Amino acid sequence: MLYYRNLALLSLLSLSSAAPSQVERSPDAVFKPRAVCTPTAGGSSSIDDVPAIRKAISSCGNGGTIVFPAGSTYYLNSVLDLAGCSNCDIQVEGLLMFSGSTEYWGGKTAMININKINALKLRSLTGSGVIDGNGQNAYDLFASNSDYERPTLLYITGGSNIEVSGLRQRNPPNVFNSVKGDAKDVTFTNLRMDATSRSDNPPKNTDGFDIGSSTHVTISSVSVSNDDDCVALKPGCNYVTVENVTCTGSHGISVGSLGKSSADTVQNVYAHRITMIDSTKAAGIKTYPSGNGHGLSTVKNVTFSDFNVRGCDYAFQIQSCYGESASYCASHPGNAILQDIIVKGFSGTTSGKDDWVVADLNCGARGTCDVSMSDFSVKAPSGKATVLCANTPSSLGVTCTSGASG
């Protein structure tokens with residue numbers, strides 16, 4: 001019996017040793033809270049708060065949280081570089097007000113620079129946070145000097161896992177948001193964006209989003225009021241989703257322009273549930289023709305779906321002679337490759353600027369025009385609808401009238 005009792009005891013010990021043992025960890029290692037920093041505002045537009053913000057990033061940028069409280073105003077008189085902010089959470093609940101100095105900002109690339117940063121959140125949890133580019137002086141100067149170089153409000157180059165959400169962006173001197181440099185997994189959501197001039201000089205070139213060389217960019221639940229492209233899909237962008245977006249006064253959701261001086265590609269774009277108000281077009285593709293140093297443009301797998309058109313000049317437009325005259329393109333036809341382009345679910349009414357014309361599809365005579373249209377019910381104010389076409393396939397899906405241009 002003693003033998004069997006010892007054997008049972010050994011079996012229990014063996015089972016106990018085989019089971020995973022609990023590892024002791026210090027509470028700090030498991031539940032260590034994020035460091036939280038609140039920059040000290042100078043309280044005057046004559047005091048640049050960027051150094052104080054940089055100090056907060058130095059202290060809390062690595063895995064911490066930086067808070068700009070509701071009701072606070074921070075004056076930014078120089079470029080805000082977010083370098084050092086890795087896996088950090090920047091919460092803007094107050095106002096970030098940039099200076100209107102055309103002297104300082106002339107020639108600058110960015111007002112907020114996000115360069116090769118991974119895991120960054122720039123957001124407002126309450127929806128009260130505002131980033132103001134204070135662009136009025138730039139609008140006025142650019143009206144008299146088109147060579148004046150203006151900065152982008154938020155400039156993302158490279159990096160990954162970047163979220164911009166819940167904010168109001170207003171009055172950038174130039175583009176609101178730019179993404180390039182092979183950035184990956186960038187999300188813009190729940191943004192209110194408006195560029196408004198207080199003078200007769202419009203806020204020129206205030207694209208809502210310029211999406212360049214990047215992969216997996218999402219733009220959702222955004223409203224944009226501006227004076228240029230709502231979303232510009234630039235060379236090198238791949239896998240872009242644009243959804244639940246309302247644009248007013250813009251140039252629409254635009255692929256391009258492509259092929260100005262090099263071979264350019266845009267591919268895998270899905271834009272759906274878009275409301276386009278008082279814009280030059282709801283959606284379109286812009287490519288340069290052949291010759292004169294222009295490169296080959298390739299646009300693949302792009303879907304424009306469920307667009308509500310309200311007072312736009314065109315619902316859909318293809319320009320294969322962008323940047324050149326009609327006489328030039330007669331001898332140097334467009335050669336862009338448009339492959340698997342789907343336009344479906346468009347409804348609403350155009351502005352009537354071009355009488356009954358609701359779409360203008362000028363595909364290149366030497367290119368590929370793999371475009372299909374379905375459930376397209378946009379009409380002119382008169383109730384009639386004409387789609388102008390050139391070099392489009394017989395399988396297009398709508399009745400064409402010759403005479404397309406652009």
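Numbers run from 1 along the shown chain.
Any Cβ shown, glycine's included, is placed from N, Cα and C.
On a predicted model such as this, the values are computed, not experimentally measured, just so you know.
What Swiss-Prot says about this protein:
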- 1-18: signal peptide (SIGNAL)
- ASP228: active site, proton donor (ACT_SITE)
- 237-257: repeat 'PbH1 3' (REPEAT)
- ASN244: N-linked glycosylation site (CARBOHYD)
- 299-320: repeat 'PbH1 4' (REPEAT)
- ASN301: N-linked glycosylation site (CARBOHYD)
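All features noted in Swiss-Prot, drawn onto the structure.
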| residue | record | contacts (Cβ under 8 Å, 6+ apart) |
| --- | --- | --- |
| ASP228 | active site, proton donor | LYS204, ASN205, THR206, ASP207, SER250, HIS251 |
| ASN244 | N-linked glycosylation site | SER220, SER221, VAL222, ARG273 |
| ASN301 | N-linked glycosylation site | GLN267, ASN268, VAL269, GLN339, ASP340 |
Helix-strand-coil residue split for the repeat 'PbH1 3' (237-257), DSSP-based: 0 helix, 17 strand, 4 coil
Residue distribution over DSSP helix, strand and coil in the repeat 'PbH1 4' (299-320): 0 helix, 20 strand, 2 coil
DSSP three-state assignment for the residue listed as 'active site, proton donor': coil
